[in-house]
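Novice: Just passing along the structure, written as structure tokens.
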Amino acid sequence: MTSDNFLDLPPLLSARGTVTLPGSKSISNRVLLLAALSAGTTEVRDVLLSDDTERMLDGLRKLGVGVEQVESHVFRVTGCGGNFPNKEAELFLGNAGTAFRPLTAALALSGGHYTLSGVARMHERPIGDLVDALRALGANIDYLDNEGFPPLEIFPATLSDAARVSVRGDVSSQFLTALLMALPLLDREVTVEVAGELISKPYIEITLAMMKRFGVEVARDGWRSFTVAAGSRYVSPGTVYVEGDASSASYFLAAGAIGGGPLRIEGVGSESIQGDVRFADALALMGAQITMGPNWMEARGPESGKLKAIDLDCNHIPDAAMTLAVAALFAEGTTTLRNIASWRVKETDRIAAMATELRKVGATMEEGADYIRVTPPAHIRHAAIDTYDDHRMAMCFSLAAFGTEGMCINDPGCVAKTFPEYFSAFAGMTQAVPVIAIDGPSASGKGTVAQRVATALGMHYLDSGALYRLLGLAAQRRGVALDAEAQLAKLAGQIDIRFEGEDIWLDGVKVGDELRTEEAGSAASKVAALHQVRAALLAKQRAFRRAPGLVADGRDMASVVFPDSVLKIFLTASAEARAERRYKQLKEKGMSANIAALLQDIRARDERDTQRSAAPLQQAPGASLLDTTALNIEQAVAEVLARYRAKK
Ligand SMILES: Nc1ncnc2c1ncn2[C@@H]1O[C@H](COP(=O)(O)OP(=O)(O)OP(=O)(O)O)[C@@H](O)[C@H]1O
Ligand SMILES: Nc1ccn([C@H]2C[C@H](O)[C@@H](COP(=O)(O)O)O2)c(=O)n1
């Protein structure tokens, strides 16, 4: 269920299937830049198409590099042999750290005049340590706004002949990556010394592997220093295939672990050069069953049936570790993720964001400068999750929909940064709590049939008409007019409704037969025609969707409330048959009834329910018609069950 700025994920029951991952962002952007700096033409295949790679491609085109898209994920890059054709350019790099940092270094050593800027958050992400290292090599770089942060202006410079340069490794490993990738432009031996403890080491492994693929082998002394030899030149390897994104794999592996699996990921595996594949080890520590081959991984739920908490240093998997924080909601005990200070300077302050949003779903959170501790709640609450323009926040929290109430993700479009198709891929791999929607006109028998179908299948039952009836009743009791839209919508949010078997409670008081009178039905029909009232009752209705499934009856179950229902039935009967049924129903309850008046009332209600502008009664697209005029109750129930089985 989507709107422009939120996505309401239904409660999820299970996860299984096979997903092919989009290309890795880290590898795509490195390879595109190295191809641009090389001599020769490179065909880069399986490139990730996303905001961040678009920023890199756009930047390279502005620098005069030949970039041609030959197929949907295939680009032909005509390298400039280390000398960008355009010596003057203004680059806008969004929030793409993997474009901003490496381009800063390459352009600082390129003898041109460039400005580099990004979105507001990019201008809050530190770059001073990289600029200091480049200045030590003679680069001429100015801060255009705040000292130590983008935007930057780069001027042609007379470079120094320094043979050693130092760069901090404990803020972002991208500073070292950027320097190393740019150093072959100097055409002399330079050694980079890493100051402080280098974080996110696996990302440096990716950098070194990609540089090697383009003909530059970096000599190293462990993680302390790296030397690029004189005469190092990038040479196109011809064709490069980009691996699937290992960080993106984490969401699906976690889904397989939480939702039972087996969930298979194709595109990364045991031979991957990406450090984030080690996320699978972390998940295995939580009890998940993991298997893998060279190019695939598969996750299943733990044999014990329940994930367990872990206490883990996550320095080697900083991005994928976010997924562990949400997976911790489904684990027994308190999970602690340590050594994650770099989260604070990513797309958002991810430690603060994660703690804030996990609290919303009921978790007990503790956060420190470089760690986070998650104690899951007994019951994961439905909440509107803010995503802070951070793709990983949105993707991680999709997993929280495995709680019993589903989850609402605000601004789901932010996943475009690295995985534009994420939510449709996720929907394809997960199975929501099933809903059978039975809509139809008054007295068609939908309530009776829905209840019996629910019993036969062991599912929950929602009589949505009762909510409108209860609101009408509450309004009449409080003297609220049945056309006072705003007041009624407010009242809808305030009333306390409880269903217990056959019994219905309104504000703590059991409601009797008065709810089933034609007066109550008529009042319900009036309040149900009001848009604000319908909106106010939407969440209350969706909250009935619980494992193992729901049978819901009403007027707009299939079209509005549960549009993803597995089976949609439009159950009807002639007005005369319905008046007859209602007559018998009322008489059986010892209530007075007049068949002519009932027929007139049913026709009036049909007219109002079908003609209103708010969610009018109609056969929804995808709903199948079931006319019960000539069927008894048992036959109608059997028909619905047969249609459900045919769907499975
Ligand atoms: N196929 C059928 N044949 C005969 N009677 C039926 C059939 N289906 C339902 N009934 C009877 O019709 C009456 C009305 O049914 P029910 O209350 O289920 O309808 P409904 O569509 O839910 O009505 P409403 O939503 O307006 O309250 C009940 O007494 C029920 O037993
Ligand atoms: N999903 C629903 C359910 C009910 N209504 C309206 C229409 C009816 O006139 C009224 C009472 O419903 P009933 O108990 O007879 O099923 O409530 C609706 O608009 N949408």
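Just so it is clear, glycine is given a Cβ too, placed from its N, Cα and C backbone atoms.
Unlike curated records, TrEMBL annotations are generated automatically.
Annotations for this protein, taken from TrEMBL, read as follows:
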type	residues	note
ACT_SITE	Asp319	active site, proton acceptor
BINDING	Lys25, Ser26, Arg30, Ser172, Ser173, Gln174, Ser200, Asp319, Lys346	3-phosphoshikimate binding site
BINDING	Lys25, Gly97, Arg125, Gln174, Arg350, Arg392, Lys417	phosphoenolpyruvate binding site
BINDING	Gly440, Pro441, Ser442, Ala443, Ser444, Gly445, Lys446, Gly447, Thr448	ATP binding site
DOMAIN	16-424	domain 'Enolpyruvate transferase'
DOMAIN	436-644	domain 'Cytidylate kinase'
Novice: Expressed to the nearest Å, what is the distance separating Ser173 (3-phosphoshikimate binding site) and Ser442 (ATP binding site) at their Cα atoms?
Specialist: 65
Novice: Please compute the mean pLDDT of the model over the domain 'Enolpyruvate transferase' (16-424).
Specialist: 96
Novice: Within 10 Å of its Cβ, which one of these binding-site residues (Ser173, Gln174, Ser200, Ser442, Ser444) has the largest number of other Cβ atoms?
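Specialist: Counting every other Cβ within 10 Å of each candidate, the maximum falls on Ser444.
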Novice: Run through Ser200, Lys346, Ser444 for me and report the binding-site residues whose CA is within 10 Å of the CA of Arg125 (phosphoenolpyruvate binding site), in sequence order.
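Specialist: Near Arg125 (phosphoenolpyruvate binding site) by Cα: Lys346.
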Novice: What recorded positions among Lys25, Ser173, Asp319, Arg392, Ser444 have a C-beta sitting less than 6 Å from any atom of ligand 1?
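Specialist: If the test is a Cβ under 6 Å from any atom of ligand 1, the answer is Ser444.
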Novice: Of the recorded positions Lys25, Arg30, Asp319, Lys446, Thr448, which one has its Cα closest to the Cα of Lys417 (phosphoenolpyruvate binding site)?
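Specialist: Among Lys25, Arg30, Asp319, Lys446, Thr448, Lys25.
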Novice: Which binding-site residues among Arg125, Arg350, Ser442, Thr448 have CB under 6 Å of ligand 2?
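Specialist: Among the binding-site residues listed, those whose Cβ sits under 6 Å from ligand 2 are Ser442.
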Novice: Around the ATP site (Gly440, Pro441, Ser442, Ala443, Ser444, Gly445, Lys446, Gly447, Thr448), what further same-chain residues have their C-beta within 8 angstroms of the site's C-beta centre?
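Specialist: Going along the sequence, the neighbours come out as Val449, Asp553, Leu571, Thr572, Ala573, Arg578.
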Novice: Here's one to test understanding: among the recorded positions Arg30, Gly97, Asp319, Lys346, whose C-alpha is closest in space to the C-alpha of Lys446 (ATP binding site)?
Specialist: Asp319
Novice: Round to a whole number and give the Cα-to-Cα distance in Å for the pair Thr448 (ATP binding site) and Ser200 (3-phosphoshikimate binding site).
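Specialist: Answer for this pair: 60 Å between alpha carbons.
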Novice: What recorded positions among Arg30, Ser200, Asp319, Lys346, Ser442 are found with a C-alpha within 10 angstroms of that of Gln174 (phosphoenolpyruvate binding site)?
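Specialist: So the list is Ser200.
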